[in-house]
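Just passing along the structure, written as structure tokens.
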Amino acid sequence: MADISISPDEIRDALKDFVSKYEPAKAATAEVGHVLDASDGIAHVEGLPGVMANELIRFADGTLGLAQNLDENEIGVVVLGEFEGIVEGMEVTRTGEVLSVPVGDGYLGRVVDPLGNPIDGLGEIATEGRRELELQAPGVMHRKSVHEPLQTGIKAIDAMIPVGRGQRQLIIGDRQTGKTAIAIDTIINQKANWESGDVTKQVRCIYVAVGQKGSTIAAVKGALEDAGAMEYTTIVAAPASDPAGFKYLAPYTGSAIGQHWMYGGKHVLIIFDDLSKQAEAYRAVSLLLRRPPGREAYPGDVFYLHSRLLERCAKLSDELGAGSMTGLPIIETKANDVSAYIPTNVISITDGQIFLQSDLFNANQRPAVDVGISVSRVGGDAQVKSIKKVSGTLKLELAQYRSLEAFAMFASDLDAASRRQLARGARLTELLKQPQYSPYPVEEQVVSIWAGINGKLDEVAVEDVLRFESELLDHLRRNTGILTTLRDTNVLDDETVEKLSSEVDAFKLEFQTGEGKPLAAVGREDFDAIAEEDVNQERIVKAKR
């Protein structure tokens with residue numbers, strides 16, 4: 001057996017060579033965990049003792065996850081993508097990053113998923129940076145009061161429930177009552193502002209679709225393209241087929257994209273369609289993470305889910321660029337019950353609500369806005385002066401018409417004041433009807449409402465009111481500068497009122513009724529203008545007695 005000799009010099013040289021090649025800067029450590037189980041879009045992972053809340057972690061197959069539950073021995077992770085490839089024992093590593101999304105003007109005209117990846121087949125998106133999804137809302141001292149109008153183009157809303165830039169205005173109602181239609185009309189109505197090229201007027205729009213059918217999202221995109229509104233709109237889509245985690249995150253993605261523009265001094269409109277489905281997705285995620293359920297099985301922090309989202313909508317101070325983000329969250333009710341858990345939560349967070357009634361919708365009153373319980377708490381300060389002047393009594397007259405209409409059902413005959421108010425109310429109600437995808441400029445809304453509340457439609461048959469309005473507006477567009485004056489000044493002064501009154505009277509002489517007769521030749525009960533003291537239900541009831 002040969003002798004083994006060890007040379008000290010060789011050992012010394014080998015150690016020197018190893019030490020000379022060692023580079024401490026290239027050495028790294030990594031926390032590695034392992035999957036315990038994965039199902040229904042949720043994975044439980046052991047290990048990773050230093051992981052942060054809401055940190056992104058990466059599975060061995062490249063799939064990302066969001067750390068939610070930080071328990072003593074395991075982590076509850078929401079899988080962001082397909083979880084079929086995630087199996088027990090798979091390695092999981094930390095990324096050290098929180099969830100963020102790319103942002104920039106490249107997102108205009110595009111359809112993306114909740115991670116900001118394009119899904120419209122139009123190639124990659126040029127980005128300007130990244131923004132965290134869970135970003136803090138602006139503080140109290142960083143805000144400014146809402147004072148600029150955001151026109152929806154819908155007469156019933158702009159006149160009685162006005163929305164200002166930076167406001168959160170809830171749209172609430174049963175399914176199939178026109179909630180999405182109001183939101184889409186509002187986006188379409190921003191086209192004139194966009195084409196003006198004035199950054200102070202332009203409004204960038206974001207439509208967040210949560211839990212909608214894929215065909216519905218495609219229809220919305222098609223409607224926006226047909227109206228030429230897609231060029232200033234981004235769609236964030238989390239359809240019904242997506243995992244619950246994506247539906248939960250989609251509104252935050254849209255908000256992060258919008259905040260980038262808001263902090264850049266621009267104006268943004270964001271629509272969350274709808275937050276009921278986001279709450280249901282968050283409930284599913286929470287139950288799968290084994291969090292304790294509360295009322296209606298929702299987790300205890302479901303209020304915070306929506307409050308931290310909607311508080312990001314704001315009008316920023318001049319020091320921060322005076323940008324704004326206006327939020328139109330949508331909530332779906334069951335059987336018109338606005339006192340349920342999620343509806344009352346969101347009503348308490350927002351600055352007002354537009355309530356849509358299924359009974360009005362089925363009676364062909366569209367948009368089916370119930371002006372009795374709809375309210376805008378801050379939008380009045382942002383309302384244009386001209387429409388504020390003509391709409392001052394509109395809401396009161398309509399409310400009194402509704403109550404008098406119910407009273408008249410049980411009366412055998414009515415006095416003249418009651419008949420006048422019923423006739424006026426029926427025409428005002430008809431005047432507020434509006435076809436979908438047909439928003440009105442504010443100056444045309446002013447003319448229509450002025451004609452209604454000043455008795456110019458009292459001799460027009462109810463079935464002819466919308467045709468009378470359409471032909472009157474065509475006449476004013478062609479023959480006078482009244483609409484131009486209203487658009488440029490936003491003021492309805494005495495001189496403009498006098499011109500408008502004479503033009504409407506002249507048009508009435510030319511108008512043909514549905515029966516082909518001149519309006520002036522149609523015999524109708526002669527109603528004098530309603531005296532202010534007669535517009536009072538108590539007085540009418542006493543007169544009846």
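Our numbering is plain: 1 for the first residue shown, then up by one each step along the chain.
Glycine too: its Cβ is placed from the backbone N, Cα and C atoms.
What Swiss-Prot shows for this protein is this:
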| type | residues | note |
| --- | --- | --- |
| BINDING | GLY173, ASP174, ARG175, GLN176, THR177, GLY178, LYS179, THR180 | ATP binding site |
| SITE | SER374 | site 'Required for activity' |
Other than its own, how many Cβ atoms are within 10 Å of the Cβ belonging to GLY178 (ATP binding site)?
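GLY178 (ATP binding site): 19 neighbouring Cβ atoms within 10 Å.
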Looking only at C-alpha atoms, tell me how far GLY173 (ATP binding site) is from SER374 (site 'Required for activity'), rounded to the nearest Å.
11
By a simple count, how many Cβ atoms lie within 10 Å of the Cβ of ARG175 (ATP binding site), its own Cβ left out?
11
Using an 8 Å cut-off from the Cβ centroid of GLY173, ASP174, ARG175, GLN176, THR177, GLY178, LYS179, THR180, can you name the remaining same-chain residues around the ATP site, in sequence order?
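So the additional residues around the site are GLU332, LEU356, SER358, PHE361, ALA368.
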I'd like to know which of the binding-site residues GLN176, THR177 has the most other Cβ atoms within 10 Å of its Cβ.
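By the 10 Å Cβ neighbour count, THR177 comes out on top.
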Under DSSP, is SER374 (site 'Required for activity') part of a helix or a strand, or is it coil?
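DSSP call for SER374 (site 'Required for activity'): coil, neither helix nor strand.
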Once the DSSP letters are reduced so that anything not helix or strand counts as coil, what is GLY173 (ATP binding site)?
strand
Check the Cα-Cα distances from SER374 (site 'Required for activity') to the binding-site residues ASP174, ARG175, THR180 and tell me which is shortest.
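When the Cα distances are compared, ASP174 comes out closest.
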Excluding near sequence neighbours, so keeping only residues 6 or more apart in the same chain, what lies with its CB under 8 A of ASP174 (ATP binding site)?
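For ASP174 (ATP binding site), the qualifying residues are GLU332, THR333, LYS334, ALA335, ASN336, LEU356, SER358.
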In the three-state scheme derived from DSSP, which category covers GLY178 (ATP binding site)?
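Where GLY178 (ATP binding site) sits, the three-state DSSP reduction gives coil.
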Let's check the environment of LYS179 (ATP binding site): how many other CB atoms sit within 10 Å of its CB?
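I count 25 other Cβ atoms within 10 Å of it.
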Under 8 Å Cβ to Cβ from THR180 (ATP binding site), same chain, six or more residues apart: give me those in sequence order, or none if nothing qualifies.
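Within the chain, THR180 (ATP binding site) has Cβ neighbours under 8 Å at THR216, VAL220, ASP273, ILE330.
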